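If you check TrEMBL, you get these features:
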DOMAIN    5-86  domain 'GST N-terminal'
DOMAIN    92-223  domain 'GST C-terminal'
């Protein structure tokens, strides 16, 4: 890891969005302190409220005592600041635009549908949510084929922006499969993504921060119980 001036990540081990910041720093070989929000389900720390007063959410990257919020903004900041390591973003403007488009799709459409599986009420609603997730993965399979151009990752030979944007959800995807007895990432429908997911999780920048499925499953049961309790009756 390279020397860095006062880099901290404020977050939660289970958060896929926090994982984005941590993977990006690992790719750039930047050492950092990971400050865990230990009671975030019940209360937020003073540091979090001070660092992100608008959204009051993790992750927050604190660099030289200046906070940067929102996971994809943080990834872009890391790429801009630490330029000695290979770029996380694609070099070509069109490729960068495509990567940003799909990252927005993942956050605004695909991940909410995956969360919807656990909060869906009734078999019909759950099946609809599962179908939506699988349809999204088929679209992302097509995006992978086009973006990777036959190489291991969306970013080419190494993990890039879109790999981080989608890959951070793989542990939660496995938890969802286990909780609901479904196969979301399927060899028949998304063969490219299946192999990509294996490569992504085995990468040294990812391996140390990807949560274990069983540990995350126990966390998820608590989290989803709280989410269901807050749903309108």
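From the backbone N, Cα and C atoms, a Cβ is placed for every residue, glycine too.
Nobody curates TrEMBL annotations by hand; they come from automatic prediction.
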Counts by DSSP class (helix H/G/I, strand E/B, coil) across the domain 'GST C-terminal' (92-223): 98 helix, 2 strand, 32 coil
Overall pLDDT of the domain 'GST N-terminal' (5-86), taken as the mean: 95
Tally of residues which DSSP labels helix, strand or coil - the domain 'GST N-terminal' (5-86): 29 helix, 18 strand, 35 coil
